[in-house]
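Here's what TrEMBL has on this protein:
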- 1-26: region 'Disordered' (REGION)
- 215-234: region 'Disordered' (REGION)
- 72-93: transmembrane segment (TRANSMEM)
- 114-133: transmembrane segment (TRANSMEM)
- 186-206: transmembrane segment (TRANSMEM)
- 241-261: transmembrane segment (TRANSMEM)
- 366-387: transmembrane segment (TRANSMEM)
- 393-411: transmembrane segment (TRANSMEM)
- 423-452: transmembrane segment (TRANSMEM)
Amino acid sequence: MTSAPAMATTALSDPEALSGEGGTKQPLSLLERARDNLSFRSAWSELNGAMGDLGTYIPIVLSLALSRHLDLGTTLIFTGIYNAVTGLVYGVPMPVQPMKAIAATALSDPSFDIPEIMAAGILTAAFVLLLGVTRLMKLVYWLVPLPVVRGIQLAQGLNFAMAAVKYIRYEQDLGKGKSAVGKLRPWAGLDGLVLAIAAVCFIVLVNGAGQDHVQGAQEEEDGEGNNSRSSGGWRSWRRRWASAIPSAVIVFVLGVVFAIIRHPAALRELRAGPSRMRVVHISREAWKQGFIKGAVPQIPLSVLNSVVAVCKLTRELFPEKEASATSVSVTMGAMNLVGCWFGAMPCCHGAGGLAGQYKFGGRSGACVAALGGLKLALGLVLGSSVLRVLASFPVGLLGVLLLFAGVELAIAARDMSSKAEAFVMLVCTAVSLVGSSAALGFLCGMVAHGLLLLRAWTVSSM
C-alpha cells in the first residue's frame, strides 16, 4: 500500500521552477541571459526543431483562413512576434499554437465567425492572465499531481497521433476542417500515401525513437573527450552525424516544392506587402457566444495543457531553465490581449508543440525565435497571399510531422513508476479521449487520485 502515498510525495516534490529558488548559480544580467537563451546549440538541429510544431499550426490556421477568412498575414506577424518573445524569455523551444477548442468550435459551427473567435481568445487570455498575476496558477500547479498531468499529456499525444493518421490515410477538406468521408488517399501522386510513408521512414531512420535529455547531455560530454577512436566515441559520432541531418526541414521544404508543382499559378498570385490590419469589432452577442461556445471549453485546456503540463514537461526536459506557471500564464494572456483585437488567431503554449520541437532537435529559444523570424518575414513580405501556396501543401506530410509530435508527447507518460500512478494516469487519459474533454478527464483523474490516497490513509490507520 505504499504506492498511493508515493503519488502524494511525487506531487509535492515537483515544485515550480521559479526564478532564484533553489539554485546556486550566480544570476546573469539581462543581456547575458538573452544571449544565452537565443544561442544556437546546433544550427541545423535548432532549425530542424522549429519545424516540429508545424503539423499542428498549419492545418488549423489554414482551415480557418479558408473557411472563416482568418487574416493569415496578420496571424503570421503576431505569432512570429510571440515566438521570438517566448524564445527570448524562456530559452527553450516554447511553442506558440492555435487554441484548439476555439478552432474546433469555429470549424464546426458556421455562426461562430471572426468576432466570436477573437472574443473567445480575449476572454480565455484574460482568465489565464488573472490566474497568473494573482499567483493562483502557482497553486494550481502545486495541487495537480503528476499522474494527472501525465494522463492529460498522454491523451493529447494520442489525439495528435490519431489525427495525424487521418491526415495521412484520408484526403482532407481543410476548408471544412475535416476528412473527406470514406475517401482514402491515393497511393501515388505528390500528396499520396507513398510520399507520406517514405517521409515517416526517413524521419525514423534519421531521428530514431528520440533522445532523452540525460542521454543527450552525456553524449555531449563524451564528445568533448579524446575517446573518438573508441567504440563509444564512434557510436557517439554516428549519433551526432545522424542528428545533424535536418529531417523535418527537408520534409517541409519538399512539401513547399510539391505545393508549387501542384499549383504553379500560386506563384503568380503572390502579392508583396503585409495585410492591412484592422481592429475587430466585437458586438455584445459575439462576446456572449464567444464566452459560451469558445472560452468555456478552452479555459480548462489552456490551464491544464498550456500551462501546468508545459511547465512540468519543461522542468523534465530542461531542468536548468526557468518556466514558472506564473510567467507562462502572463505571457500567454498578454500576447492574446494584444493580437486578438487585430484579428490574429488566439494562441497558447502547448506540451505537444514542446515535445515535437524537442523531438526534432530544438534545445534553446533560438529554435522558436528562428521560426518566429520566418513567420514574421512571410507576414510582412507576402501577407495573406501566402495562403495560395500553403493551400496546396501536401497534407500527408503535415500529418507526418504531427504524428511524431504526438508520439513524443505521449512518451512523456513512461515515467509512472507504480501501478497506482499508472491507474490514475490511464483513468484520466481514457475519460479525456472518450469524452473529448480534458476538463472531464482531469476531474476524474483527481477523484481517482484522492480516493487512492484516502484508501491508503484508512488502511494505514487500521
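Residue numbering: from 1, along the chain as shown.
Each Cβ is built from the backbone N, Cα and C atoms, and glycine gets one as well.
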Same chain only, please: residues at least 6 beyond the ends of the transmembrane segment (423-452) with a C-beta under 8 Å from a C-beta of the stretch. Say none if there are none.
4, 7, 144-145, 147-148, 150-152, 154-156, 158-159, 297, 300-301, 304-305, 413, 416
So, do the transmembrane segment (186-206) and the transmembrane segment (366-387) meet, by the test of 3 or more Cβ pairs under 8 Å (sequence gap 6 or more)?
no
Ranking 114-133, 241-261, 366-387 by Cβ pairs under 8 Å to the transmembrane segment (393-411), which is first?
241-261
Taking residues 6+ outside the transmembrane segment (241-261), which of them lie with a CB under 8 Å of any CB in it?
42, 44-45, 47-49, 51-52, 54, 190-191, 195, 199, 202-203, 206-208, 211, 267, 360-361, 389-394, 397-398, 400-401
